[in-house]
Amino acid sequence: MERERSNFFFLFLFCSWVSMAQPTLSLSSDGQALLSLKRPSPSLFSSWDPQDQTPCSWYGITCSADNRVISVSIPDTFLNLSSIPDLSSLSSLQFLNLSSTNLSGPIPPSFGKLTHLRLLDLSSNSLSGPIPSELGRLSTLQFLILNANKLSGSIPSQISNLFALQVLCLQDNLLNGSIPSSFGSLVSLQQFRLGGNTNLGGPIPAQLGFLKNLTTLGFAASGLSGSIPSTFGNLVNLQTLALYDTEISGTIPPQLGLCSELRNLYLHMNKLTGSIPKELGKLQKITSLLLWGNSLSGVIPPEISNCSSLVVFDVSANDLTGDIPGDLGKLVWLEQLQLSDNMFTGQIPWELSNCSSLIALQLDKNKLSGSIPSQIGNLKSLQSFFLWENSISGTIPSSFGNCTDLVALDLSRNKLTGRIPEELFSLKRLSKLLLLGNSLSGGLPKSVAKCQSLVRLRVGENQLSGQIPKEIGELQNLVFLDLYMNHFSGGLPYEISNITVLELLDVHNNYITGDIPAQLGNLVNLEQLDLSRNSFTGNIPLSFGNLSYLNKLILNNNLLTGQIPKSIKNLQKLTLLDLSYNSLSGEIPQELGQVTSLTINLDLSYNTFTGNIPETFSDLTQLQSLDLSSNSLHGDIKVLGSLTSLASLNISCNNFSGPIPSTPFFKTISTTSYLQNTNLCHSLDGITCSSHTGQNNGVKSPKIVALTAVILASITIAILAAWLLILRNNHLYKTSQNSSSSPSTAEDFSYPWTFIPFQKLGITVNNIVTSLTDENVIGKGCSGIVYKAEIPNGDIVAVKKLWKTKDNNEEGESTIDSFAAEIQILGNIRHRNIVKLLGYCSNKSVKLLLYNYFPNGNLQQLLQGNRNLDWETRYKIAIGAAQGLAYLHHDCVPAILHRDVKCNNILLDSKYEAILADFGLAKLMMNSPNYHNAMSRVAGSYGYIAPEYGYTMNITEKSDVYSYGVVLLEILSGRSAVEPQIGDGLHIVEWVKKKMGTFEPALSVLDVKLQGLPDQIVQEMLQTLGIAMFCVNPSPVERPTMKEVVTLLMEVKCSPEEWGKTSQPLIKPSSS
């Protein structure tokens, strides 16, 4: 009995266990396969219960009547799978949608076993590797959507076996090769998109013209070349053809006129030539026709007016000629007509006023003549009208006052006459009124105050007269006020000071009199103030010290008196100060030397200043141009020797005395720079005047100068020869002393050292060598390892240990001497934007370079950190690096190539000034075995190497320019040259080009931390973006020099004439 009870108890436990285990064991194989999708994220999909018998009730899952999974649709979830699991057991699967699920790794070839699959959507992930050819087995597949991944390799030709395929989306990947011509067999295909694969090349197969079911064909932003196949005329169902930003050339095939369903034709930014086919006029349903940015010629065919549905017509930036067809006035749905930057002639057809839906009319940069038709006032929806740079004459029609939606009106650079119609100022939305460079006359009407929406009022270079109306001070939103080069008279109304948002005030070249209103000091946002070439009297207002954002102050050619106010020291953003041709007196204040931001120009000439040059001028190390001529200054000029960035100097017609500094700059400038300073003299050391030399207007005779130069050169050569001989003998002696010792290791520090400091250093070789430990490593690069070494006085220096160049036994005396000579050249370089080489020490095995230490790190660390780096700091770093590089290229003889310009080699001091490091070291390392196996390092670092190096193997100044352009793009975008998150792994140059080739605005390239800034700053950044793209031009010949780059960058903040231009920006965004 007891045994029976025991058996019953164990039977009960077994049955209980079976009943509990049964749900897990009964989950179907389909369910088991699906669970592998959530393995990295178990908390996902609470409804996916492994206790269920089937997954048919799970989220995103659909089953057939026999409980087989036929659909898996879980887009926009965070699966976070590093590889897609094997799902081939889902043999009934028809729909698989894993888009935007954070997948990576390759596409499994086993997907080719899912023979019932009708939809495969893996888009918007990080999938890599090739597209498996096995997908060509999916005979029932209708939708293959793999866009926005990192797929590489060529497009498998086996895809052409998918006869049921309707949608093929492969855009925005890294595919290469060409489009298989066999794709012409995909007769069911309706959408075919390949855009954004920049490495995809070759011609467009003519066979694609047989895919008569196509509605969308997109190959934009790729490397496709050749011509547009004429067979595309067979695509009678095509609605969108996007072939912009490619290498496509040739003519536009007239057969496209047969594509009767076409709505969008995007052929902009290509290399198309020839004329616009009149056959395009047959496209009755087309709404967007974008042909801008090609080399099209001929006229606009009048047949275009038959495109009755047209909304956007953009043929700007071509070579089109002839008249603008009046028949375009028939396009009643037209909203954007963009014909700018061509060679159109004739008059503006009045018929355009019939385009009642017109919002934007851009006719700028042509050769149009005649007057502006008064009927333009019929365009009640018009928001922008650009007509600048033509030859339009006559008056400005008062009918513009009827265009009540008008926001921007630019009629600059024409031949307009008459008055500015008061009706313009009744426009409640007008924010930009640009009338520069015409022959307008009369006064500026008081009614200007009615236009409260005005942000930019630019009427310079006309013949306007009378007083500037005080009512202008009521324009509370005005940012730019240009009244320069007119005939305005009377005083400058102090009411202008009420416009507290004003950033630019330019009234130069008028007849304005009286004192400069002290109230202008209330314009705390002012950045540029130009009152030059008027008849202002009195003192420079002390209140100008309040203008903390001012970067240009131009007051020359007036009747100003008194002294420079000491409050000038508060203008710490000032880059240009011109006070020349006035009657200013007294001493130049020491405070002026404290304005260390002065970089472009300081001009105090033709005044009556007395006293010495302030000692504080030694801090103006960024200043490029200084003019102190025609004053009554005296004393020595040794302080000018500290101005290491000077490119232009004039101190003539003063009473200076003593020696002329012996810096390289003073050795190269013309004697006219310091004429009529009878007590100036030349000097060998810059401290004392040379003996036995005559003085004539502060300049020695040419014979004496030549003789001095010869003597100096001879002494230098003799000293150098003696030094090299001693070095050679010491080396031979040390070598013989060590010849009997055991062979040294690769890092042997026991060899005798040679230590050459380039300035006084309180450090010994032992201090340096003992610091070369792993704990002190602060960086590794192409040229060597960098250590931090502490000097006994507490200072810190950076020590770079160069990679070994050759085997110790092979390194001869000539190699040592050559290295010493190269280092001597680098040690003589002095520039505020170049790291100073303090000295070097070497022995038979090791070479060490000593530099200043910069605790703020480098630009790469700054950009990739979490700091909100503002535009001013970025611009400061960009221009500092450019100035340093320009110095190496243009001011060093012979020129020095950097060879490795990158963010890691741009160090930052405590004030975030850019300091170039590692200049010229690549040349020293070219014999290194480390480089022998990676020669590309000699040309720079990955991501920064100029494209021509791949086929020329030559390095030039233009190679450095390309690398600098990449750095500039990194500064603007906040991204690295190559990183996974840049547009699917694209190089930053290609990423920017891709952005500019889509419908995204240029602003989308900029760092998100730079979004939402004032319009003027946005324009500065866009101009800088244009300069960067100029630098990374694929053709070295087309790139600027670094000196030109510096000038262009200076002009970003130097050109008030270009501020606020309402025309197309430097890089034109795609139209839409």
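Note: Cβ is positioned from N, Cα and C throughout, glycine not excepted.
Screening ASN213, ASN843 against Swiss-Prot annotations picks out ASN213 (annotated as N-linked glycosylation site). Listed ranges 138-141, 314-317, 686-689; the one Swiss-Prot annotates as motif 'Small peptide recognition' is 314-317. Reviewing CYS15, CYS63, the cysteine that Swiss-Prot connects to CYS56 via a disulfide bond turns out to be CYS63. Taking Swiss-Prot as the reference, the stretch among 384-388, 479-483, 849-853 described by the feature motif 'Small peptide recognition' is residues 384-388. VAL786 (ATP binding site) sits 4 Å from LYS800 (site 'Essential for autophosphorylation activity'), taking the Cα positions as reference.
Within the repeat 'LRR 15' (403-427), the DSSP-based counts of helix, strand and coil residues read 5 helix, 7 strand, 13 coil. Listed recorded positions: LYS780, LYS800. The one with the lowest count of other Cβ atoms within 10 Å of its Cβ is LYS780. Its Cβ placed at the centre, ILE778 (ATP binding site) has 13 other Cβ atoms within 10 Å. Counting residue by residue with DSSP, the repeat 'LRR 12' (332-355) contains 5 helix, 5 strand, 14 coil. LYS800 (site 'Essential for autophosphorylation activity') and ASP900 (active site, proton acceptor) are 16 Å apart (CA-CA, integer value). Neighbour density at the Cβ, taken as the number of other Cβ atoms within 10 Å, is lowest among the recorded positions GLY784, VAL786, ASP900 for VAL786. Note: the Cα of ILE778 (ATP binding site) and the Cα of LYS800 (site 'Essential for autophosphorylation activity') are spaced 10 Å from each other. Listed by sequence, the residues of this chain that lie at least six past the ends of the repeat 'LRR 12' (332-355) yet keep a Cβ under 8 A from its Cβ atoms are 287, 292, 300, 308-326, 361-373, 375-379, 381, 386-387, 392, 1063-1064, 1071.
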